[in-house]
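First up is the structure itself, then whatever we jot down about it.
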Amino acid sequence: MIRDVELAEEALSKKAGGPQGSRSCLCLSLFSFLLVAGATTLFCLLHFGVIGPQREEQSPTGLSINSPLVQTLRSSSQASINKPVAHVVANINAQGQLLWLDSCANALMANGVKLEDNQLVVPTDGLYLIYSQVLFRGQSCPSTPLFLTHTISRIAVSYQTKVNILSAIKSPCHRETPEWAEAKPWYEPIYQGGVFQLEKGDRLSAEINLPDYLDYAESGQVYFGIIAL
C-alpha cells in the first residue's frame, strides 16, 4: 500500500516536470497575485483622485480660476490697486468758500495723489477721469439775474498757466419772485466730468462763483475727484 502511494507520487512528480515544474507554478502564481494587487491599487488611486487629471479649482462665481475671463479680471483688479485715485468732499464748516477735505469718512486719497492749497496734485503721467459735482440752493429768486458757475481748472507743469478744462453755467431763476408771492426754494445741481491726458505735477482745482448758495444739507452732494485709467 505504501509502495503504491510512493509510486503514485513519483509518477505525479514526473508528470509535472519535477521540482522545476513546481517552481514555475509558484512564480506564475506570485506574478498573478502582484498583477491583481497592482490593478486594484491603481483603480483606487484613480477613483479617489490621488493620481490622474485634477479637478479645476473654481471661483465663487463658478468659473475656473484658469479661464481667460478670470485671469483678465484678476489682472485688471491688481492693476487698478496701484493706480492713483482721489475723492475729496466739501468742508461744510467753511462758510462762504469751497474748501476740500481729504481726511473725512467719505474721502479717499491713494497712490500718490495729494491735496495741496485746495488743489489735487497729479502723481504720474497718464489718462485721468476728472469729475466734480456741486449743488446750489436758494429760498427765492432775487431781483437781479442769478448765474451759477462751476469750473475745473488745470495748472500744467509744462506751461504754468491756469486753464479751464471743464466749465458750466446755469441760471435757476428766470424771473424775480414777486413780493406778494410765496417764496419757493430752488435747487440747481451741476455735474461735470471728462478724460484728460495729465502730467506728473499738474494741479487741478474745482471752483464756483457763489459759495453762499452751496447746499450742505446732505453729505456727498459736493465733491471733486480724479481716477487714473
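Numbers here mean position along the shown chain, with the first residue as 1.
Cβ from N, Cα, C; glycine included.
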According to Swiss-Prot, the disulfide-paired cysteine of Cys141 among Cys104, Cys173: Cys173
Packing count at Cys173 (disulfide bond) (other Cβ atoms within 10 Å of its Cβ): 18
All-chain count of other Cβ atoms within 10 Å of Cys141 (disulfide bond): 20
DSSP helix/strand/coil residue counts for the domain 'THD' (84-229): 3 helix, 73 strand, 70 coil
